[in-house]
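All remarks here apply to the structure that follows.
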Amino acid sequence: MVKAIWAMDQNGLIGNGNSLPWRIKAELQHFRQTTLHQDVLMGSATYLSLPPVFSERNVYILTRNLNFNPPDKGCLTKVIHEYENFIQPYLHHPDKHLYICGGAQVYEQLIPRCDALIVSTIFGKYTGDKYLKVDFSPFELTKEISFAEFKVAYYHKIAR
């Protein structure tokens with residue numbers, strides 16, 4: 001399954017420069033637990049913004065830069081330059097998961113292809129420059145979990 005995972009505030013804000021506009025430990029733990037030991041796909045700017053150690057994941061970096069050489073962050077990395085063929089083995093596969101982890105351009109390209117979405121909504125409004133507008137109509141809300149500072153909504157694509 002191809003799943004997009006992200007956090008946003010109540011206005012759809014997902015970033016400020018190349019960082020998160022908030023620092024919520026429980027939400028970061030949710031992201032870590034969900035993606036640990038999994039395959040993740042992200043853009044090069046998102047990869048470069050990660051902490052120095054981002055281990056225990058297979059990271060695929062989507063970039064148009066044919067000369068991109070990712071710095072070592074303690075994880076297996078592979079650079080890819082197109083996503084359509086890459087995501088095929090994951091699509092609709094119940095036991096093989098690929099998590100789409102940003103940034104905004106990668107989400108915009110891949111959310112329509114996703115089997116599922118995992119969306120953390122941070123309570124409150126923050127300042128930043130990266131917003132994500134998502135058409136949720138192809139998806140059905142299947143579960144929602146509330147925490148003190150955010151809630152997590154799980155969506156699955158509606159079979160057509």
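The count begins at 1 with the first shown residue.
Keep in mind that glycine also has a Cβ here, set from the backbone N, Cα and C atoms.
Per Swiss-Prot, the feature domain 'DHFR' maps to 1-160.
For R32 (substrate binding site), the number of other Cβ atoms no farther than 10 Å from its own Cβ, over all displayed protein chains, is 12. Secondary structure at R32 (substrate binding site), as computed by DSSP, is helix. The annotation substrate binding site is assigned in Swiss-Prot to I5, W6, A7, E27, R32, R57, S120 on the grounds of similarity to another entry.
Taken from Swiss-Prot, the feature NADP(+) binding site applies to 6-7, 14-19, 43-46, 62-65, 101-106, supported by similarity to another entry. Take the CB of G15 (NADP(+) binding site) and look out to 10 A: across all protein chains shown you find 23 other CB atoms.
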For S44 (NADP(+) binding site), what is the tally of other C-beta atoms lying within 10 angstroms of its C-beta? 17
Sequence-ordered list of residues in the chain of I5 (substrate binding site) that lie 6 or more positions away and have a Cβ within less than 8 Å of its Cβ, or none, is F31, T34, T35, Y99, I100, C101, L117, I118, V119
When DSSP states are folded down to helix, strand and coil, where does G15 (NADP(+) binding site) land? strand
